[in-house]
Amino acid sequence: MVEHLTTDRSAMAGSPALVMRLLASAFSVAERAGSIEVRSNDPSRACPCAQTGANDLQTLADRMAQKSICTSLQRRFPKITIIGEEDLPNETVEEDLIEDGMAEEVLQKACPADYCDFKEEEFVVWVDPLDGTKEYTEGLLDHVTVLIGIAYKGKAIAGVINQPFFNYQSGTDAVLGRTLWGMLGLGSFGFKLQEQQSGDGLRGCDGASRGHQSGRGREQDHPAGGGESLCLRLASPGCKKWDTCGPEAILHAVGVRASLST
């Protein structure tokens with residue numbers, strides 16, 4: 001996993017704006033969740049979700065990652081609303097799953113003026129702790145991501161995508177994992193943007209989960225390890241807000257205009 005300098009500035013004078021602290025926390029929390037998925041990579045632990053049946057798998061990594069993300073963010077920001085994909089019982093979360101750091105590379109950025117005065121209770125955070133679970137169980141690790149999206153009054157304004165297995169085919173000495181992030185009015189970071197032409201037009205795809213690859217749209221390709229790529233996809237049938245909120249914000253932050261499904 002790529003290491004990033006983190007800090008705890010909550011008690012410091014001149015603390016960054018709330019939304020920047022929330023985004024910086026989401027960055028660090030996503031990386032912690034990604035490290036959990038790497039450690040827990042055991043396809044034999046996959047089981048069907050009780051709500052949807054055998055075609056919707058849930059692994060130990062899904063459950064542990066969501067507990068880590070939601071509990072870590074809720075402790076630091078108790079008034080925000082957090083909605084995760086997995087329906088988990090209320091239970092005590094192990095302390096070693098908690099991440100209390102904030103990414104310095106996010107905190108160093110100036111908050112866009114329009115977002116400086118938002119209140120904690122006005123945010124909704126959408127969490128997909130392991131997007132691409134089926135691919136995860138099949139060993140297609142380039143398709144696995146942690147998605148965290150931050151919405152204000154129903155609008156996606158910031159997002160984080162962690163690729164825990166990025167570079168996994170590059171040898172034992174390769175640095176594993178990377179994190180993409182972005183915010184409206186600020187930009188997107190952690191990747192090189194390329195526009196891919198395909199067939200008779202631009203197409204949309206999802207570099208995380210193959211299950212939502214349908215329809216046409218504008219494809220943004222971010223080179224990944226082993227000749228693979230991460231493609232942030234425009235809306236397609238079956239997407240939920242935890243699938244789209246983070247990627248939507250990152251795409252919009254680099255100037256791609258799209259309305260993703262809710």
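Cβ coordinates are placed from backbone N, Cα and C, and glycine is handled just like the others.
According to TrEMBL, the features are:
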- GLU85, ASP128, LEU130, ASP131, ASP243: Mg(2+) binding site (BINDING)
- 200-225: region 'Disordered' (REGION)
Residue with minimal Cβ packing [other Cβ atoms within 10 Å] among the binding-site residues GLU85, ASP128, ASP131: GLU85
Nonlocal residues around LEU130 (Mg(2+) binding site), in sequence order (Cβ under 8 Å, 6 or more apart): GLU37, THR59, ALA61, ASP62, ALA65, TYR136, VAL144, THR145, VAL146
